[in-house]
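Feature annotation from TrEMBL assigns disulfide bond to C26-C57, C30-C62, C41-C47. Marked as region 'Disordered' by TrEMBL: 564-594, 956-981, 1029-1064. Per TrEMBL, the feature compositional bias 'Acidic residues' maps to 577-586. Residues annotated as domain 'Ig-like' in TrEMBL: 798-907, 1064-1168. The feature domain 'PLAC' is assigned by TrEMBL to 1369-1405.
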Amino acid sequence: CFHSRTARSEEDRDTLWDAWGSWSECSRTCGGGASYSLRRCLSSKTCEGQNIKYRTCSNVDCPPETGDFRAQQCSAHADVRYQGQYHEWLPVYNDPDNPCALKCKANGSGLVVELAPKVLDGTRCYTESLDMCISGVCQIVGCDHELGSTAKEDNCGVCSGDGSSCRLVRGHYKSQHASGKTEDTVVVIPYKSRHVRLVLKGPDHLYVESKTLQGVKGELDLDTSGQFHLENTTLDYQKLSDKEILRITGPLGADFTVKFATGADSVIQYIYYQPIIHRWRETDFFPCSVTCGGGYQLTSAECFDLRSGRVVVDQYCHYYPENVKPKPKLQECNMEPCLASDGYKQIMPYDLYHPLPRWESSPWTACSTSCGGGIQSRSVSCVEEDMQGTITATEEWKCLYSPKTAILQPCNTFDCPTWLAQEWSPCTVTCGQGLRYRVVLCIDHRGLHAGGCNPTTKPHIKEECLATVPCYKSIDTLPVEAKPVWHKQAIELEEEITVTEEPTFIPGPWQPCSQTCGAGTQQRTVKCQVLLSFSQTVADLPDDECGGVKPASIQPCYRTPCSGVSGQGKENKKEGEEEEEEEEGETPEREELHDWEYEGFTECSESCGGGVQEAVVICLNKQTREAADQSLCVSSRRPPQLLQDCKTQPCPPRWETGEWSSCSATCGVGLMTRTVACTHRPSRDSNRTEVLRDEECQNPKPSPVQACNRFDCPPMWDKNDWGQVKEISLKRQALLYYLSLQCSQSCGGGVQKRQVLCKQRLADGSILELPDTFCPSKSPANQQPCAKQECPPHWPNPTILAQRKVYIQWRKGKKLQLVVGGYGYLLPWTTVVLRCPTRHFRKGHIRWLKEGKPLVSLPHLSITPLGYVKIQQVRASDAGIYTCIAGQAQEHFVLQIIGSKQKLSVSESWLLANGQQKVRQPDVASAGERFQELPISLNQYDSIVEHLLELKSSVQDEKDITEKPHSSERNRSTLEDERASAELSSPVVLIADTHRLDEITHNLSEGLGGPHGEQLIAQLLSELTMTQGETNDSTLHPPESAESSTQEPLLYKPKAHTTRSRNPVIIQRPRKVGAVPSSEMIVHVGLPALLQKPVASLELRCEALGNPEPSLTWTKNGKELLYNSRVGLLPTGSLRIQSPSKVDEGLYTCTARNRLGSTSLSSWLQITGKLLPTYKLKLLKLFYFFSCGLIRWRVDPWSPCSATCGGGSQTRTVRCMRGPEGRSREVESQLCLDTGRRPSDSRLCNLLPCARWATTSWGPCHGQCVGPSLATQHRHVYCQNTNGTKVPYRMCSGLHRPSSLKNCSTEGCALHWRIGPWTQCTATCGRHGFQSRQVTCAHRRTGKATREHHCMWRPRPSSWQRCNILSCGRGECRDSTRYCEKVRQLELCPLPQFKSRCCHSCRNT
């Protein structure tokens, strides 16, 4: 059956199924079929998942004569009558309702019948698809022929391709009726093209010619609609009334030429995908660069012609832009070290420690021109870096895995800046002659005002202008350059200052410049004068009589630039000398050294939508053409302010951002958000904005979110909600943890828990879990009472399913499962699980005590979410009383360690007046504290367990003594098998009921020392080993479902043996079979048979395993056992003695023998008498007699080997001896054959080939740093024969191999941990301050930092520590952290955890 089954638990999902079987035979031999594999469910439970899986197979094309698979299935029904007559059945394809049913139609009649509900596996669902029917269901199949795959071919026919291996060709053709030609060639479609579609509109007629790569030609005349075949290619032709359509899926098997016969004007349209026949193909790796010591090798790419299969020149591949030449690949080679003669180079893998070779380039040279296009160059070389960081040049081919960087590039390709003159301003006067100005800018290629223009070609910025309105007042002086805003145009004339009746400074006229060219000075007289009214005369006064500032009497002047020759100065006229100058019609304009000039515009007031910019006015030194201080220019001549419109183009859509929100977190990195929208203002004057799609605005989009408060939070308590679980991903863990957090009881008062952890959110957003001491104040409560309502009367109370057992560990075991209610005596270093099965109580709420105190988890001891205690490798400190508490119920378990001298005791708080140990019930829900007695005393069974262990060791000692004389002659495998047999036959743990041990204790009135006590202990041991003989491994690893079971834990069960050949092993299975009458006794060989009273029969059972199956023989006291009517063999090989008596006493030995070896096991039969002392004495005497006094094989030492290597032989003498040691004599060999197989007298020796280890010389000291100035160096160690030829390592495997690694001294490892200073402590007091410092691995001499792993040979110093761990003092209000200013700014003071640590900063908030 192929249905699925559902699993009950997640653990069983993988383990309940058997392994998948082998794949079935493919359903088809070609064309794509299906194969399946099955698996079976091993469990009586149901299994989840499918037990059948499929895969595709035989994915090769069928021969053309094979025919369609679905058609074959239809034709198979041709010889079966349907409705009384035979039909020729044809397939029905692409059935939309059920594509996987076999529907066929009768040829000629049109009858359609479903001949089968399912087609055969592997049949295609649809004709144009790879999907196939499997078990009647259509399964998706990709082009990679994998079931369930969605891989599809691209237009080029490449599975999962990207379409880069072909190109789309489309075109049209129009026939020319007047050309006179009888035929026209439309298009030649090349070999391997795909998806051809050609449409002819007009009266002309199509036909196709083909030509294969071998030159074979073919022709196809398309006359009727249908499918045609040409050169293994299918053509679909459709002829309509007004057009013809030709479709070819492809790939084409040859070059196809499409033609048509011309008779009238026709138009043909065509489209197809043409393969790129010239493709790059990666070459194999070039030869290695070195022969040893580690080198490189590269691949390249060659241009390959897919049609001819030949390599062609690269230009063919460069023709196709789709062809991208693959980059070369680089790999290491010849990595084995060089021999001593070749030197040695250690190459580490290319990784962080040894980077790949790379291109290194020098800086670019300066550009050859500053604008208008120039060239700059640089040098590029291939370099590699060694482990010490030294960079050296190397051969260029090592870097060819990446493209070589350019060595030339164009630069400064922009246009040179040019002068650009703005419009003239209006004239500065409204009448007469004035000035007008303009701004002249140096504009660069970006349209910005910048420097770089030729100053000699700069257009002038001011010129004279004449207003058409004449002035009414004659103006003798020159027009003055007006300063007010130029569009207001005020007239400001230089008026002559006249003398008044108030003392006034009166300046005289300026005298000529002291220089005829270049810079000079000119002077004038300035006098303090007053007009005397009565005489109307002018009187001179001292300067201090005049108020105000005295005008300047000297100023710089500048006429014209000097033409290389120093200008000659005119001597100033001497004072008082009068010289009349004839006044010309006009005073010449005064030239000065400094003058105002426009220097570009300010930035536009808007970036778009129309703004304003103002012309910048500077004071310019005319001679040096450099800007000067504005005080050197005449302020009255400052040109007017010029404004112009700018950025008048409408604004494009732009990002508009809102205000940032408040931070989402007060510390430890939060987030602020804002709105970001793409907006547009339709017009400059409009206040309305439109919101557009984000794609309308230019990237990058402003971020709508940003981090804030990025500093560490103080440690705080993180508490979950009651009963909530946080951050647990694994389903099972989550379920268990969730259960532990629920209320322990649904009524009657329970306990509910929650998680409380001390955590600190750091500035990087991560959360650090800290010890509880790091958090301020006391931890919040992690448990609370719940379900306080009273329970209904019938509500069951929680109970613990305890077991009153004593567990005694008999031998080593991996893991033991014990149940509360009893005692455990365990060997040290055993892993133990202590369970507390409960009813009506959630396991997650079970609580554990040890010695009356809550049990604390340790590295090796834990309490699991399921409520049990797990102790890894139990030790003496784990001994004690463990108490399990479930609600009101509790049970104890006493754990003792075998071999520990310590006796268990309890503290005084547990002791009460009556001497019984009592345990306080620590129930948080109970109001009154009540006590419950410990129901078992601590060391009650110590004495019985001690005697049992002593008896075990004494029996073991005697067994060892009996086996010792033979052990030297028994082969190793026999000893191993006997040890395995002993392990299998003895239980891991003996389990005794406490009432049985109490009964023995009660019966031992005379104590355990007497013979009766010894006999009772031996009888107890026999009982325990017999009852626990049949075991399974549930005690070692019980199933989860046994958690709450009340049944006793079972013990070890031997695993099934494999069928490989093996020596015999006698298995000791001490058990009673079925209901055995008391008159009959069964003893398994290996245990003593102690008959206290007469029995009807005794069976000594001997069970053996081996392959081939061993035969069993019996001896008594070392002699062959004589059988009679009373003593005989059973069919199983066991021995039966009827009515055993004194004469039957002795040592019975069962020997199991096959062709691989033999083994024996003995039992001593004693009828009456004292058990232990007599048994020991007789056993020792008997074994001594058998081992020393009877017939046995004796072997001499082996002779020396005949060869030291390559295979030799050695011999020894083997003799059959009789008699006690020292008085024995040699007898015939046949007498010893019954004692065992004759030891061999020859063997091979020194089989190893004659080879030895050889080494190269030590390589350089370049390895990993392992100490101060200490690294490792390597040498090559290899195996060679006597001829010096290298041979495989295994030929030297038996010889001591020399070391290939040793330490060496190198300056490269002169490294140390460099430690920086500690940062300021984050707190001034309290328990939460810490500070950090930088710790780096650095070279002692150079100080250069390197990777930290180089310094790891010594411990890394701590990079952070706690600091200022002092009490903050009560009553003193101060800050205890350096973040308090930030706390106040962020308004965190109302929070108590901040207010307490920032008392001083928060005192006024």
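Each Cβ is built from the backbone N, Cα and C atoms, and glycine gets one as well.
Considering only the disulfide-bonded residues C30, C41, C47, the residue whose Cα is spatially closest to the Cα of C57 (disulfide bond) is C30. Here the C-alpha separation of C62 (disulfide bond) and C47 (disulfide bond) works out to 40 Å.
DSSP labels the residues of the domain 'Ig-like' (798-907) in these numbers: 6 helix, 52 strand, 52 coil. Sequence-distant neighbours of C26 (disulfide bond) (same chain, 6+ residues apart, CB-CB distance under 8 A): G33, A34, S35, C57, S58, G122. Residue counts for the domain 'Ig-like' (1064-1168) under DSSP, split into helix (H, G, I), strand (E, B) and coil, are 3 helix, 55 strand, 47 coil. Rounded to the nearest whole angstrom, the C-alpha distance between C30 (disulfide bond) and C47 (disulfide bond) is 35.
Of the listed disulfide-bonded residues C41, C47, the Cβ environment within 10 Å is emptiest of other Cβ atoms at C41. Cβ neighbour count for C62 (disulfide bond): 15 (other Cβ atoms within 10 Å of its Cβ, all protein chains included). With the fewest other Cβ atoms inside 10 Å of its Cβ, the least crowded of the disulfide-bonded residues C30, C57 in this structure is C30.
Taken as a whole, the domain 'Ig-like' (1064-1168) shows an average pLDDT of 82 in this prediction.
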